[in-house]
Amino acid sequence: MALPTLKMSMINYGEFSLLAIVLCCFQVLWSAQGQLKVGFYSKTCPSAESTVTSLVKEATSVNPRIPAVLLRLHFHDCFVEGCDGSILVDNVEDPERKAFANQGLDGFGEIETAKAQLEANCPGVVSCADIVALAARDAVNLVETGRRDGRVCNESLAAEIPDVNESIQVLKSKFMKKGLSDKELVLLSGAHTIGSTACFFMTTRLYNFNGKNISDPSINPKFLEELKAKCPMNGDANLRIPLDNVSSQTFDARIFRHIRDGFAVIASDARLYDDNITKRIVDSYVGGSSFLQDFPKAMVKMGQIGVKTGLMGEIRRKCNSFN
């Protein structure tokens, strides 16, 4: 199946400058029950896309982290039961969002606000899964919708999500099980060029790497001092630090240079340099010449994981609970 060309542009909400890629470039999704398409709600809820655009702009003007937050939210959703909004559910005994790998996820409030407004205008029409996908759709010119919300949400299923402290072998295996290649592992990790992480996710890497009470030896010594100063032992675990300490608000290829030079912030990014195959792929993107072209293709492929359309799933009235 041929994929449509996705044109990308820069968006600027306040002082936030971001290459327009987040979230919406992986929407070519098919199933035996139905097909996603651009303008799926053009007749049933014409205001759907403009409503989400307005809310995302407003939220980003207040909090410039929003695009990165929504990108991570969608990734964590798609990697479990497919892109079906299951990460949003919290009225079950053990929801996905409770899993360790999902600690620090945010953006739920923005999705609920959009859902409430759309329910008031077009009740029972727009799925929560599509709202998440649309949440940064200004980043690209083509957005395909038509997802259904899933009916399954369980914390145990989140074990499929790549963990920040896993080895490169485990990371490659998890991606392969989802039909994603080593190249796509590197490309999707490149999304860490924007956004931030919490010190909570740094403790093992800084103070107990491989259970040996040492720091990750791949960290540049000067950068190690900086990271420890920002995330001291027994310090504020919720303190956030940028994933790219040079251009964390610009979607570029600088993250690969950081990985090569020992300035990767989180362990899973650094692990890409532990394997000869992923190392070569990282090196190939250091110049940045093709990353911005290849990244959307990887997002498209990730978005094909377990999508539900047609008669599958449901359209939730509230995103955090099943009907």
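Glycine too: its Cβ is placed from the backbone N, Cα and C atoms.
Per TrEMBL, the cysteine from C153, C199 that shares a disulfide bond with C231 is C199. Each of C83, C122, C128 is a candidate, yet TrEMBL gives the disulfide link of C45 to C122.
Candidates considered were C83, C128. The record in TrEMBL pairs C78 in a disulfide bond with C83.
Note: TrEMBL links C319 through a disulfide bond to C128 (candidates: C128, C153). If you take the Cα of S86 (Ca(2+) 1 binding site) and the Cα of C319 (disulfide bond), they are about 9 angstrom apart, rounded to a whole number. Within 8 Å of the Cβ centroid of the Ca(2+) 1 site, not counting the listed residues D77, V80, G82, D84, S86, E96, the chain contributes H76, C78, F79, E81, C83, G85, I87, G150, V152, C153, L157, G306. When the C-alpha distances from H192 (heme b binding site) to the recorded positions D77, C83, E96, C128 are tabulated, the minimum falls on D77.
Rounded to the nearest whole angstrom, the C-alpha distance between V80 (Ca(2+) 1 binding site) and P162 (substrate binding site) is 10. With every protein chain in view, the residue among the disulfide-bonded residues C78, C122, C128 whose Cβ has the most Cβ partners within 10 Å turns out to be C128.
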